[in-house]
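Report on the structure given below.
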Amino acid sequence: MTTPILNSSVPGNIQKKSLEGTHIAISGLIGAGKTTLAVALGKVLNLPTYFEEVIDNLYLQDFYKDPKKYGFQLQIYLLNSRFQQQQQIIWQARGGVQDRTIYEDSVFAKMLNESGLLDDRDYNTYCKLFQNLSNFMRRPDLIIHLDVSPEKSLERIKLRNRDCEKDVSLEYLQNLYNAYHEFLQDISRYIPVIRINWSEFVDPEQLAQMIKAEYESMRFMNQINPPTFGNGPTTNKIISTPKDL
């Protein structure tokens, strides 16, 4: 089964290169650092920020304890929550930096289905609902994907020590990592994607400036290797690798 991510009837403004009013989505594994970068980008680009609901999520902790029992309920809850946030971004017409979008929810749902944690009946119901909602959605102008390994993701999850995430397993993160790889290959045909090696945190505001410069010249999928920030000069540079489509 394919991930239902490409049916948005209202396209993003891919040709626009000014970041004023741009809708930027930040994707990545749990604990990748999406919120940290969202705050920095919002500040540097003077865009409103929209964050993922975690603490007030009514299903998340139950899901991590028993994903097979609560998988469908969680996915419907998240789909509704992110659709509401997506509509807010559209109608306020100011753009914004969004910490995880509605499109990524379909990545989680597909992964749960393939892992046997979401049966075909529930997954098909989810996909049909997603496709119906997609008629009222607008694609982001840019996706920034924070690339971290499942091991690094789990390490950061343990460091931030949220009760609702204490049952996240490495196997779950590995399956999610694989699902993201397929998602990025698909979505980059429609929305520009910047992949960032985020294995080690760097200065988020300086990285935001790099992203701004890269977006002005990019096409399809690009990659940024952030410099190592320290006392000495930096020698790394932005590496652009457009996809061969």
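Numbering starts at 1 and runs along the chain as displayed.
Glycine is no exception: its Cβ is also placed from the backbone N, Cα and C atoms.
Here the structure is a predicted model, which means the values were calculated and not measured.
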Matching residue for the substrate site, where Swiss-Prot names Glu52, Gln75, Arg100, Asp105, Glu165 - out of Tyr64, Tyr177: Tyr64
Cβ neighbour count within 10 Å of Thr36 (ATP binding site): 16
Spatial separation of Glu52 (substrate binding site) from Lys34 (ATP binding site) - C-alpha basis, Å: 9
Within 10 angstroms of Glu52 (substrate binding site), Cα basis - recorded positions out of Gly28, Ile30, Ala32, Thr36, Asp99: Asp99
Among Gly28, Ile30, Ala32, Thr36, Asp99, which are recorded as recorded positions, the nearest neighbour of Glu165 (substrate binding site) by Cα: Ile30
CB within-chain contacts under 8 A for Ile30 (ATP binding site), separation at least 6: Ser153, Ile157, Glu165, Val168, Leu173, Leu176
Chain-mates of Gly28, Leu29, Ile30, Gly31, Ala32, Gly33, Lys34, Thr35, Thr36 with C-beta within 8 Å of site centroid, ATP: Leu146, Val148, Ser153, Arg156, Trp198
